[in-house]
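Peer 1: Take a look at this one; I'll ask things after.
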Amino acid sequence: MAELAHQQSKRKRELDAEEAEASSTEGEEAGVGNGTSAPVRLPFSGFRVKKVLRESARDKIIFLHGKVNEASGDGDGEDAVVILEKTPFQVDQVAQLLKGSPELQLQFSNDVYSTYHLFPPRQLSDVKTTVVYPATEKHLQKYLRQDLHLVRETGSDYRNVTLPHLESQSLSIQWVYNILDKKAEADRIVFENPDPSDGFVLIPDLKWNQQQLDDLYLIAICHRRGIKSLRDLTAEHLPLLRNILREGQEAILRRYQVAADRLRVYLHYLPSYYHLHVHFTALGFEAPGAGVERAHLLAEVIDNLEQDPEHYQRRTLTFALRADDPLLALLQEAQRS
């Protein structure tokens, strides 16, 4: 169970420094971690806060670095990251709450306006908790707030700088293969096209609790291995991309009654992990990583490849990198020379 919780934390997609990542946000047991399992305990004992890595009053989220499993309290324990996030409201439960007599404390009153602190019952007071344990220095840096810098990556930059840098990193995506091979999260799969070349699985993103549709968020993960990102796509991949767009939209309509014109379907560049995947989010949801500097609408990707099969090998792409990302310095140096 501890291993499962650790692996799922690694893939929290878009809690990655935006994105898993994300993710974001890998498992060895199918059917665990989907909100239906029995109550469990955290996979460690104790949690001594060492540092607040990041917090956002707007997003109601905080990232904490702590020491756990300490024997003496002298720093001999292990590192862990705990992410606490207030969950979205569920309209039906809130309506029931307001019909009753909720516990209130008056904070302010003036004419027709008044402000209270309301203390909700247990079913409305849950806090989504993501655990990264044991946490490495890379995890700590990933969640630490950093300044961002825009870079423009040419096709040559990708081939000569970005790709060699990625290939030099130990970026495990075993958790992706576990999903595709049904070794983990098999009961969470909403739809599958099993074709090994042009098929995919559609699965709810871990950032979505599946309790309401306002923040609907699913991920399509292609079965075909070796496609790292947008940069690898050519006309050869058009059947796969068309399948993901059409069949993904149809599956979401069947399961959640959300029509295609109410969905935002896009790829990230840079992605939070390097196995081709596509994001499906509710159009009105301000999903992490949906900004113009990172999101590429799938329909437009298809159009671009239809007109120029090597569009993404040639095109200059703009994206943001954290100040501490080694790739930023590599690209800046290459562009100066």
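Glycine is treated like the rest: Cβ placed from N, Cα and C.
Quick paste from Swiss-Prot:
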{"type": "MOD_RES", "residues": "Ala2", "note": "N-acetylalanine"}
{"type": "MOTIF", "residues": "10-13", "note": "motif 'nuclear localization signal (NLS)'"}
{"type": "COMPBIAS", "residues": "16-29", "note": "compositional bias 'Acidic residues'"}
{"type": "MOD_RES", "residues": "Ser24", "note": "phosphoserine"}
{"type": "MOD_RES", "residues": "Ser101", "note": "phosphoserine"}
{"type": "MOD_RES", "residues": "Lys138", "note": "N6-acetyllysine"}
{"type": "MOD_RES", "residues": "Lys142", "note": "N6-acetyllysine"}
{"type": "MOTIF", "residues": "275-279", "note": "motif 'Histidine triad motif'"}
{"type": "ACT_SITE", "residues": "His277", "note": "active site, nucleophile"}
Peer 1: Could you check what DSSP calls Ser101 (phosphoserine) once collapsed to helix, strand or coil?
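Peer 2: The residue in question, Ser101 (phosphoserine), is coil (DSSP, three-state).
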Peer 1: With DSSP as the yardstick, break the motif 'Histidine triad motif' (275-279) down into helix, strand and coil residue counts.
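Peer 2: Summed over the motif 'Histidine triad motif' (275-279), the classes give 0 helix, 3 strand, 2 coil.
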Peer 1: Among the recorded positions listed here, Lys138, Lys142, His277, which has the most company in the form of other Cβ atoms within 10 Å of its Cβ?
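Peer 2: Going through Lys138, Lys142, His277 one by one, the largest Cβ count within 10 Å is at Lys142.
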Peer 1: At the Cα level, what's the spacing in Å between Lys142 (N6-acetyllysine) and Ser101 (phosphoserine), rounded?
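Peer 2: A Cα-Cα distance of 43 Å.
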Peer 1: Could you give the Cα-Cα distance between Ser101 (phosphoserine) and the residue listed as 'active site, nucleophile', in whole Å?
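Peer 2: Ser101 (phosphoserine) and the residue listed as 'active site, nucleophile' have their Cα atoms 46 Å apart.
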Peer 1: Could you give the Cα-Cα distance between Lys138 (N6-acetyllysine) and the residue listed as 'active site, nucleophile', in whole Å?
Peer 2: 23
